[in-house]
Structure formats: structure tokens, C-alpha cells
Amino acid sequence: MRSDTIKKGVERTPHRALIKGTGVPQSQMDKPFIGVATSFTDLIPGHVGMRDLERFIEKGIHSGGGYAFFFGIPGVCDGISMGHKGMHYSLPTRELIADMVESVAEAHRLDGLVLLTNCDKITPGMLMAAARLNIPSIVVTAGPMMAGRGTEGRRYSFVTDTFEAMARYKAGVIDERELGVCEDNACPGMGSCQGLFTANTMAILTETMGMSLPRCGTALAVSALKRRIAFASGEKIVDLVRNDITPRQILTRDAFENAIRVDLALGGSSNTVLHLLAIAREAGVDLPLETFDTLAKETPQISSMNPAGEYFMEDLDAGGGVMGVLRQLGSLVRDNPTVMGLSTLQLASTVESVDERVIRPLSNPVKKEGGIAVLFGNLAPKGAVVKQSGVSDAMMTFEGTARCFDSEEAAMAALMGGRIVAGDVVVIRYEGPKGGPGMREMLAPTATLMGLGLGDSVALITDGRFSGGTRGPCIGHISPEAAEGGPIALVEEGDRILLDIPNRRLELLVDEAVLQERRARWTAPEPKIKTGWLARYAKVVTSAYTGAVTSAD
């Protein structure tokens, strides 16, 4: 075992003394040492229930014959950090989390890992660490929140209802009482936000790839099932250690293709593009951005999930969950190992029934193509991403007038000031991985667009990214980003921009000679943040095209 490095031999007497100083008895020293990386915090609804799950994981590890050690990992809530300086830190924490898990596991020679996670950047950070370390690992996602409840059977979704309610209130569509009802009911308790936003999409994809146990991706945070899954995961990690089952045996090219297909079939968050690219890089799997678009043309969307549709995570779980989706996808799914021990197709075959109102058959899709499309053109030579499942038919093709803003705050001021009108294309730039820095989510501007009733007449493009709660004609991840001199930096007020999702085009309708002249006089702006962790991050982070990973190259 790896832990023998710190447990065996006379020269390890000091190491054993320190371990015994934590209370570990001699009788437990020959057992596998299992690290439980927990992202518990009482700052985030998605993580506030983890203390209970920690207990069940620990019981499972001891039942399976291992010895559990806990160590802490930070958690940032994208909802709380949205719309202010805090959002600069969200995506960078993914890299911090991966580095922290690696550091603790290597420094203490842990034999295996249980990765307790839930919210947006924490799950991909944990998976990046697992793939990088390649020691036996299993993921436990803490589960989604129940839908909020209102009068007359109304169900609330935190992301769509609260952010869009803010814009509707500002526009005079709803009053202060209705706004308050939304605020008080949108988050009824613990769990990740209720729709198919980034946290829940990543939980689903983690199960799809085989890195968590069946039902883990959809079982509600409040459920007894989630606790049983936590216990079983604790038992299972000891088995994985004894049989030397490692993440790279599971995180194969087939696993990533399955994850992308499930993402497309459900209309999941566009952030998964960044995260799957980053995880694949750590796993040594070649996964070009174009893969998402290739598979989107072959994979129909078969579920109408919130935010763009009517169903919540509790509906998906009851309707068949991840394995139900895999069963409906049928021959599109590739067989692959899982931490459970059964293969992907074996697990899918155990599903007895699927609620076809929630998870439709391939013969009756919601849309003929999957939920994410990748666009190219002179505005995005290295690609841009759109969640096409959230775009109305009227906006799949659109030509409009550029309204240029060099920050999210400037764009929000224009939106709330009534300066954006039908026919505009809102351009938010210098918000990419380097330029932001941190590639902030533009949920506030996109929710404001929808709340103001402009979702069918105004488009938004950015080198930043979007929340999983974003819907509407919103194009993100534009690469190269403005801070690197990408074409989005050359757009000027009044330019015409063409968005053509069916033909995968994003074009700036300006002569090349004019663009060359603009490029010749372009100079990079001063960094927005010059000190601290983010200043260092901006120097080593790469393009959205490669997953916005950090690199020393």
C-alpha cells in the first residue's frame, strides 16, 4: 500500500508517532488509509448538509476495513459570489481544489480518496485531482435541493426565479411583496440548486462516467438514499484500493463521450465544456472542443429540464435518473467500467422503468440536436459555446447591432438603465480567463435580459462564461479572448454581428481590411487585478478552448 511509505520500517518511527498522536491505535495501522476530502461549509446550501454525509462515509470506510482521515477543501457558491468581485474567484478555485487534494494525498501517502463535493467548481476540481493522482478514488456528490414551494402548486427554482425576479421587479412587472415571496421560498433547504445548473450537471456526468455510485448524481440532499450512498461509497473505496482500481481505468475516452451525450441529451450547463476538457487533460485523454459539436449533431435532447424546461432534479431522479437517461440513449452509449464494478451498460440494463414524460425516447425528442453547440467564425476562430437548448426558435439565427462593454458591471448599468433595445447584440469582453481574470459568469446580465422581456430580440456574446441557469441567445467562451487580442477586442459600437446557430457561425460583419487596421492600433489594457492569487492565476491560465486550465508551459 502507498501508506506503507509512512507506516513501515524503523526509519518511519517518527511518522508512526505522529499518526498515533492523532489517536490512531496500533491495531488500525495495517489498514488502508483513506482520505476523505470534504468541502463542508455552512456558507453554501449545497454543502451545509455534509457533516451528516461525512459520518456515513466514515462508517462505510471502517465497515469496509479501512481507516478514515478527513481533510478540508474550500467551497465557493457561485450564486453568492455572482455579480461582484467574488465571481473572479470562482473558476480559479477549481485549480486550487485540484492542487490541494493532490498536495494532501501525496504528502501523506493516502491509499485512496473519497471526494465529498457538490457545487459548481468543486466537483470538477475533485475529479481533476483524482485523474491527476490516479489513486483509487470515488466521488460523493451531496445532492440537489428540493424545489421551492409557493401558492397554487407553484414550484420555485432559485437560479431562474430569483435572478429574473430582480429584473422584473426593477421593470415594475412584479411588486415588492411578490419579490419577497420568491426570496423566502426559492431555497427551502440544503442541496445544490434545483434545476440542471452546473452543480447538478456535473454530479450527473460524474455518475455517467462511472466515478460515483448509481443514483448518486440525482438523489436529493435530504433523502435517506443519499446517506446510504455515502455509506456504500465508504465501503467501496476500500474495495477499490484492494483491487487497485484507479480513475484512469474508468475515465476513458468512452467515459467522456458518454458524459457529453448525457449532457447533450438533458440540455446541461455549458460550463461542463470547460470542466470536461480540464478533467480529460488530467486523465491523459485527447478531447478536442469540436467533440461536443460532433456529438450534438448525433444526440437529440430528450428531456426538458429547468431552467429552459419544466422539470426539476427531483423529477429526473424519480423518472429514472442517470441510468434511465443511458437506457433511453441505447446504442449511442459506450460500455465502460465504473467504480460500482458493473459496466455502464450493465447498470443501465437494471433500470426497470423510465418516466417518458421526463426522459423521452429517442423517437420523440424535445429537440433533434443536443443542448450545446460550438460556433466558429471570424469572431471566434477557436470557438464559442452556446446552450442551444435554452434558445428560442426565433433567435437561432439573428443579426444585430453591437453594443460594447469592457466589463459585466458596465453592461448591467446599460441594461438596468434602459439603454439596450431590440435588435442589439450586447458584447461583454475582457471577462475571459486572463482578462477577468477568472472568466466570470454573466448570469446577472442574462437573467436581466430575460426578466426585461428581451430574450427574443437581443443577443449577448462574451469571452466570459454563463451560469448553468442561463437561458436565451447567449454565446460564451469566445476564444481567443479579448485580453489576448482576440477578434472580440476589435468590435466597435454599431458593428453588425451575425449569430447563426444552425450553421455554427458567429461572424463580425466588418471588412477584413478594417479589422486589420483596428488590430494594428489595439493595445492590451492594464490588468484589472495586480496583486494576490488572481494576479498569479492570470499569468498561467490558458484559453477556454483548452478548458481554462493553468499551465507552466
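Backbone N, Cα and C atoms are what each Cβ position is placed from, and that goes for glycine too.
Under the heading Mg(2+) binding site, Swiss-Prot lists Asp78, Asp120, Lys121, Glu441. Sequence-distant neighbours of Asp78 (Mg(2+) binding site) (same chain, 6+ residues apart, CB-CB distance under 8 A): Met87, Ser90, Cys119, Asp120, Lys121, Thr198, Glu441, Leu443, Ser467. The DSSP secondary structure for Asp78 (Mg(2+) binding site) is helix.
Positions annotated as [2Fe-2S] cluster binding site by Swiss-Prot, on the basis of sequence analysis: Cys119, Cys193. The local packing around Cys119 ([2Fe-2S] cluster binding site), expressed as other Cβ atoms within 10 Å of its Cβ over all shown chains, amounts to 28.
Here Swiss-Prot flags Lys121 as N6-carboxylysine, drawing on sequence analysis. Annotation note: Lys121 (Mg(2+) binding site) sits in a coil segment as assigned by DSSP. Within 10 Å of the C-beta atom of Lys121 (Mg(2+) binding site) sit 28 other C-beta atoms, taking all shown protein chains into account.
Annotation source Swiss-Prot lists active site, proton acceptor at Ser467. According to DSSP, Ser467 (active site, proton acceptor) sits in a coil region rather than a helix or strand. The Cβ neighbour count for Ser467 (active site, proton acceptor), using a 10 Å radius and every protein chain shown, is 28.
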Neighbours of the Mg(2+) site Asp78, Asp120, Lys121, Glu441: Cβ within 8 Å of the Cβ centroid, same chain, sequence order.
Val76, Ser81, Met87, Ser90, Leu91, Cys119, Thr198, Ala199, Asn271, Ser467
Among Asp120, Glu441, the one of these binding-site residues whose Cβ has the fewest neighbouring Cβ atoms within 10 Å:
Glu441
In three-state DSSP terms, the structure that Glu441 (Mg(2+) binding site) belongs to
strand
If you count the other CB atoms within 10 A of the CB of Cys193 ([2Fe-2S] cluster binding site), including all protein chains displayed, you should get 32
